[in-house]
Amino acid sequence: MKQRFKVTGMTCAACSAGIQKTVGKMKGVHSAQVSLMGESMEVDFDEAAVTAEQIIGAVEGLGYGASIDDGLAMPECRASAEKSSAPDMTKSLKLRFLTSLCFLVPLLYFTMGHMFGAPLPWFWEEPVNFALVQLVFTTPVLFINFAFFKSGIKAAIKRVPNMDTLVSLGSAASYLYSLVVMFIIGVSDGERAMDLAMNNLFFESAAMILTLVTLGKWLESRSKKKTGEEVEKLLKLAPETVTVERDGEQVLIPMREMRVGDIVVVKQGDSIPADGQIVFGSSFIDKSAITGESLPVEIGVGDFVTSATVNRGNIIKVRAEKVGEDTVLSKIVKLVKNAGASKAPIEKTVDKIAAVFVPIVLAIALVTLIVWIIVGAVGGDVQISRALNIAISVLVISCPCALGLATPVAVMAATGRGASMGILFKDAETLQKACGIKNVLLDKTATLTEGKPRVTDVVPFGGYAREEILSLAGGLELNSNHPLAECIVEQARAEKIEFMQVSDFSYKSGAGASAVCPSGICRIGNAKLMTENGIDISPCASVAEKLSSEGKTVLYLSVGDTVAAFIAVADTLKEGSRDAVAELIAAGIHPSMLTGDAAGAAKAIAAEVGISDVYSEVLPEDKLNIVIQNKKTGMTAMVGDGINDSPALKEADVGVAMGNGTDIAIDSADVVLVGGDLRALGSAVGLSKATVRNIHENLFWAFIYNVIGIPIAAGALYAVGITLNPMIGAAAMSLSSIFVVGNALRLMRFRPKHKAQISAENKIKGDERMKKILMIDGMSCGHCSARVENALNSIEGVHATVELKKKRAVVETEVADDVLIKAVENAGYKVVKIKE
């Protein structure tokens with residue numbers, strides 16, 4: 001079975017490597033993976049051969065804390081877990097540092113104050129008293145930071161030494177050597193005793209090493225906590241109590257008591273606590289925490305809503321269909337946590353280095369000690385204090401922490417930032433691979449398009465007006481449940497058109513519908529329905545054929561025995577599809593479209609979105625072969641809805657599913673774009689590139705720091721008068737870890753480059769143009785926005801981007817307003833306002 005454990009007390013990569021090595025060697029354990037940043041361990045073991053308690057015992061035997069991780073994401077579960085867990089590590093380290101500082105400051109005053117002419121008490125002049133004062137102030141610091149010794153010694157005994165081993169050895173050596181010198185001072189004469197007291201006591205080094213390392217660990221812990229802030233923000237969206245209807249009354253209950261089927265009352269400003277269907281009311285909900293979408297979305301009875309979305313309008317009632325761990329929120333939180341705890345390929349290599357790093361440093365320190373003793377003996381001046389000082393510097397300057405944190409802290413920061421933008425990475429390997437994507441295969445339906453038909457064109461004949469046509473067509477189709485009928489009814493309602501009353505409705509499968517209206521028999525359907533009833537459609541055939549070639553379905557509407565209009569219906573492009581494709585191309589990625597449509601219609605849609613490479617008339621089983629072919633030319637990503645293209649998603653180097661805010665796709669791909677916005681794909685690639693670059697920066701610093709720092713600490717530059725005091729070494733070690741964590745935290749401020757930014761970067765320098773916002777009435781679908789955008793961009797000197805949801809066009813130009821208004825009106829729409 002596989003079991004996840006919570007592990008506390010790890011401070012460096014050597015800690016996690018030691019735990020992984022020890023648990024991995026246990027009888028019955030098939031595999032063990034430890035995450036330093038995630039403070040977790042996943043073990044695959046045979047229950048008949050070893051128990052979870054034995055595994056916990058093995059971890060505790062190394063000096064760390066361990067417990068079974070129940071994995072619950074809901075706040076009340078998290079709170080109870082926190083109460084039973086160890087005290088907050090950050091607070092503990094802060095307390096240890098401040099307490100240590102209270103002893104370190106007077107210690108430094110007594111040992112170094114004379115260098116600055118500071119007044120000192122009379123007893124300071126006695127060497128024994130000088131040594132005793134240092135002993136008194138240093139000993140409490142060792143006890144305060146005893147955790148270093150406990151962990152370091154246990155790890156050394158188990159033959160898996162870690163950073164604590166280096167720190168405890170360095171400080172203990174300074175302390176014990178100083179004790180020996182203090183006893184020698186007690187039996188020496190005045191001059192000899194004073195010389196030993198001034199030059200051979202290292203009590204302050206022991207205290208300083210522990211205090212500085214504790215300071216570094218405290219700052220590092222604070223920084224690491226920030227990498228989980230995005231997940232914490234999600235968790236806080238789940239309320240602790242909810243209002244449900246029970247026996248006709250509204251009752252306030254703890255969220256953990258909510259059950260499937262409960263009617264939940266959600267007031268304005270409240271988070272929706274469960275996934276379910278709205279059964280009462282209409283409102284606007286804020287989905288930004290889940291999908292990254294900033295604008296609230298209008299919802300009403302029958303709409304499906306997910307947990308962690310916030311009600312921004314009227315009171316609504318939701319029938320809970322998924323609660324607790326089954327909600328979208330819980331699945332997203334678990335996915336982000338698992339991704340943060342997983343290991344990228346580059347990290348596995350670093351772990352191997354970290355596993356032998358501490359033993360190598362111990363060997364270097366021992367060799368350094370022996371060499372400097374020999375050097376002193378050859379020169380006739382054996383200075384054990386000098387040799388010991390240099391060896392201690394080697395121990396405390398070496399930093400396995402920076403090496404071990406370089407990758408996991410960046411991964412955790414990136415996965416958290418991705419979640420806040422509606423991008424979910426399944427694991428660290430995917431996060432690393434995504435930066436190398438060269439080809440993207442885009443499934444047309446529900447990826448580039450909305451996935452449902454919408455009215456794109458209404459073309460009246462014989463003097464009929466658009467409103468009359470939609471009134472008649474809507475009245476006819478109101479009686480039908482066909483998807484095409486529903487979209488016509490929806491369009492008429494969107495334009496607030498009253499339906500014409502009809503009677504004697506009849507429907508013929510594969511042809512269309514007919515009914516009696518005030519003007520006679522009315523029919524709506526395909527060409528077959530018209531010709532069967534002797535209605536001549538030749539006058540409008542050429543226009544209909546043109547629309548059909550664009551992938552649209554043409555429905556004819558007749559009144560009596562003549563055609564009154566035809567209505568074109570199509571699966572319209574999503575608002576951000578063109579921008580998404582432009583961003584991919586700008587990033588050097590080659591996009592291709594996959595569709596089951598005929599070649600002509602497929603090419604028309606591809607041209608509209610900006611794709612030149614099209615695979616048409618593709619069956620679901622063909623997608624797998626297309627992915628295999630593309631993988632031969634470079635790393636390939638497949639983007640689909642995760643429902644009927646799972647084999648292709650799994651075969652691709654990176655499978656990307658359009659989540660659309662539901663949990664259907666969460667289990668089906670390597671990357672999930674929760675909001676269903678294809679523009680997030682470019683953001684995912686950009687975040688991956690930023691993360692890999694950040695990891696390389698961290699690793700470069702960690703390796704260079706150790707490669708340069710250890711030789712200098714070992715006395716490589718002693719001949720030119722450059723040496724490192726152990727206190728400086730301890731400070732440098734702490735700063736190296738803080739630098740790595742701080743650098744990784746920059747990923748939490750990652751901002752993707754969208755089309756507007758890419759266009760701006762490609763503009764000629766010095767081309768400063770005025771920005772105008774045109775508020776436009778009449779746009780209802782992707783085709784509408786495309787028509788307006790094309791009309792504006794056809795004007796020389798104009799760069800326009802249309803935002804359908806906001807009903808506006810953002811225009812960069814110096815062209816006069818009347819020219820812009822005329823272009824929009826010629827496209828069939830109305831400019832209601834212009835802002836500058």
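Cβ from N, Cα, C; glycine included.
Annotation comment: TrEMBL describes 1-67 (among others) as domain 'HMA'.
According to TrEMBL, the feature domain 'HMA' maps to 770-832 (among others). Across the domain 'HMA' (770-832), DSSP helix (H, G, I), strand (E, B) and coil residues number 22 helix, 20 strand, 21 coil.
For the transmembrane segment (97-116), the list of distant contacts is 124, 130, 133-134, 137-138, 140-141, 144-145, 201, 203-204, 207-208, 210-211, 214-215, 218: same-chain residues at least six beyond its ends, Cβ to Cβ under 8 Å. What TrEMBL lists as transmembrane segment is 97-116 (among others).
Among the features that TrEMBL reports, transmembrane segment is placed at 128-148 (among others).
The list of residues near the transmembrane segment (169-188) in space but at least 6 beyond its ends in sequence, with Cβ under 8 angstroms from a Cβ of it, reads 127-128, 131-132, 134-135, 138, 142, 148-149, 152, 196-197, 200-203, 205-207, 209-210, 362, 365, 385, 388, 391-392, 395-396, 726, 730. Taken from TrEMBL, the feature transmembrane segment applies to 169-188 (among others).
What TrEMBL lists as transmembrane segment is 200-219 (among others).
The list of residues near the transmembrane segment (353-375) in space but at least 6 beyond its ends in sequence, with Cβ under 8 angstroms from a Cβ of it, reads 12-14, 17-18, 21, 161-163, 165-166, 169, 382-384, 386-388, 390-392, 394-395, 398, 400, 403-404, 710, 714-715. Among the features that TrEMBL reports, transmembrane segment is placed at 353-375 (among others).
The transmembrane segment annotation in TrEMBL covers 387-411 (among others). Within the chain carrying the transmembrane segment (387-411), a Cβ under 8 angstroms from the stretch's Cβ atoms is held by residues 11-14, 16-17, 35-38, 162-163, 166-167, 169-171, 173-174, 177, 202, 205, 209, 213, 220, 223-224, 227, 339-340, 342-344, 346-347, 350-351, 353-354, 357-358, 361-362, 364-366, 368-369, 372-373, 376, 428, 431, 691, 694-695, 698-699, 701-703, 705-706, 709-710, 713-715, 718, 723-726, 728-730, 732-733, 736-737, 739-741, 744-745, 747, all 6 or more beyond its ends.
What TrEMBL records for 699-721 (among others) is transmembrane segment.
Sequence annotations record features per position, and here TrEMBL assigns transmembrane segment to 727-745 (among others). Remote same-chain residues near the transmembrane segment (727-745) are listed as 167, 170, 204-205, 208-209, 212-213, 215-217, 219-220, 223-224, 226-227, 392-394, 396-399, 401-402, 405-406, 409-410, 413, 694, 697-698, 701-702, 705, 709, 713 (criterion: CB distance under 8 Å, separation of at least six residues from the stretch ends).
Counting only same-chain residues 6+ beyond the ends of the transmembrane segment (128-148), those with a CB under 8 A from a CB of the stretch are 9, 96, 99-100, 103-104, 106-107, 110-111, 164, 167-168, 171, 175, 178-179, 181-182, 185-186, 193, 197, 201, 203-204, 206-207, 210-211, 213-214.
Counting same-chain residues at least six beyond the ends of the transmembrane segment (200-219), those with a Cβ under 8 angstroms from any Cβ of the stretch are 11, 90, 93-94, 96-97, 100-101, 103-104, 107-108, 111-112, 130-131, 134-135, 137-138, 141-142, 144-145, 148, 167, 170-172, 174-175, 177-178, 181-182, 385, 388-389, 392, 396, 725-727, 729-731, 733-735, 737-738. Averaged across the domain 'HMA' (1-67), the predicted model reaches a pLDDT of 88. Remark: secondary structure over the domain 'HMA' (1-67) totals 22 helix, 23 strand, 22 coil, with classes taken from DSSP.
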